[in-house]
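Notes follow the structure.
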Amino acid sequence: MQVLRHSEHTLKTALLSKNPDLVSQYEKLDAGEQRLMNEAFQPRNNLFEPITLHSQSDWISSHPEAPQDFEQFFSDRYRKAPCPKKHIIYIQPIGFLGNTRVISEEYIKWLKGYCEAFFYGLKVKFLEPVSVSATKCSFRVNENTQNLQIHTGHILAFLKRNKPEDAFCIVGITMIDLYPRDSWNFVFGQASLSSGVGIFSFARYGKDFYTSKYEGSVKVPQRTVSSDYSIFDNYYIPEITSVLLLRSCKTLTHEIGHILGLRHCQWLACLMQGSNHLEESDRRPLNVCPICLRKLQSAIGFNIVERYKALVKWIDDESCGESGATPKSSSEHVYLPKPVEAFKDWREWILRCIAVLEK
């Protein structure tokens, strides 16, 4: 295990920059916002922890990358930011996301509300779910795990063709596992930053995926015909638990963060850290560090305390929308509270940040 501790000077420079104009820009921020972000380089800061590497298989150890400070983010000429003509985050479900239509709709509402709070100030719109066959993507049964997988490159091409004119980006989400090419076992997701499109799967976030109890394996191994999408009829969808919801929110916001121009964070424990495996992804916090928070604020223009309060409200609102759901049939109407148990510690952390902002 290794703890990555940067010096106060390094973190301060990464946050403020050496560019006098960017330093001046920082000094014009609200006093509370400066106070919170300055926690990044305070010796006894207890809000933003250093990064801890647990093994050589962790992302930073196995994927060396140059770090991105605020100045590099701000001056990146290839970075795309939302503008009045392209300001909406579109999310395209591929197939159903819940084991009934109503549960799928509730889950979509929860994700939409979370994204709107996290990217406070941007609009988030969910498009009507499309079937796998509508994308005309290639697919396969994984030879090792015997679960269904769809081809990321073909999904990205479908999303690019169907990207609305006012979209800042469009991201596809699915409960079906993904693969980028025949030689790969799987991939959690893939994005094209230049095109503003991405596709991400939550299939491996179910509680049983990595156990012998996993129910999503195709029972009888079979050769798939590229045009026969009937294999996806009644495909397995994991239960929407609090942990699965948390993992989904993490992945969605991390990847949209990339589309906004944020690279993998190497400064402090942060949502924007890379992850090589599910265990490492679970260790990542839901929050962004002060350096990435400044990047996000610069791209979107939100008030930080209002953003944090919106996130607390999302956690406290037990249900988004009036409809309920049932695990038995989509016609039965049962109240479905939002499963936010896994978010409770983060809620307390946000309240501590709000206290610093409003001091």
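Here the Cβ of each residue, glycine as well, is placed from N, Cα and C on the backbone.
Here is what Swiss-Prot says about this protein:
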BINDING   His254, His258, His264  Zn(2+) 1 binding site
ACT_SITE  Glu255  active site, proton acceptor
BINDING   Cys265, Cys270, Cys289, Cys292  Zn(2+) 2 binding site
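On the structure: features taken from Swiss-Prot.
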residue: His254; record: Zn(2+) 1 binding site; Cβ within 10 Å: 24
residue: Glu255; record: active site, proton acceptor; Cβ within 10 Å: 21
residue: His258; record: Zn(2+) 1 binding site; Cβ within 10 Å: 16
residue: His264; record: Zn(2+) 1 binding site; Cβ within 10 Å: 20
residue: Cys265; record: Zn(2+) 2 binding site; Cβ within 10 Å: 25
residue: Cys270; record: Zn(2+) 2 binding site; Cβ within 10 Å: 25
residue: Cys289; record: Zn(2+) 2 binding site; Cβ within 10 Å: 28
residue: Cys292; record: Zn(2+) 2 binding site; Cβ within 10 Å: 26
Whole-number Å value for how far the residue listed as 'active site, proton acceptor' lies from Cys265 (Zn(2+) 2 binding site) (Cα to Cα): 13
Euclidean distance between Cα atoms of Cys292 (Zn(2+) 2 binding site) and His258 (Zn(2+) 1 binding site), Å: 11
Alpha-carbon spacing, Cys289 (Zn(2+) 2 binding site) to His264 (Zn(2+) 1 binding site), which is rounded to whole Å: 12
Near-site residues: Zn(2+) 2, ref Cys265, Cys270, Cys289, Cys292, CB cutoff 8 A to centroid: Leu262, Trp267, Leu268, Ala269, Leu271, Met272, Gln273, Val288, Pro290, Ile291, Leu293
Nearest-integer angstrom distance between the alpha carbons (Cα) of Cys292 (Zn(2+) 2 binding site) and the residue listed as 'active site, proton acceptor': 13
Env. residues of Zn(2+) 1 site, Cβ within 8 Å of mean position of His254, His258, His264 Cβ: Glu255, Gly257, Leu262, Arg263, Cys265, Met272, Gln273, Gly274
His264 (Zn(2+) 1 binding site) versus the residue listed as 'active site, proton acceptor' - Cα distance in angstrom: 10
His264 (Zn(2+) 1 binding site) versus Cys270 (Zn(2+) 2 binding site) - Cα distance in angstrom: 9
Three-state secondary structure, Glu255 (active site, proton acceptor) (per DSSP): helix
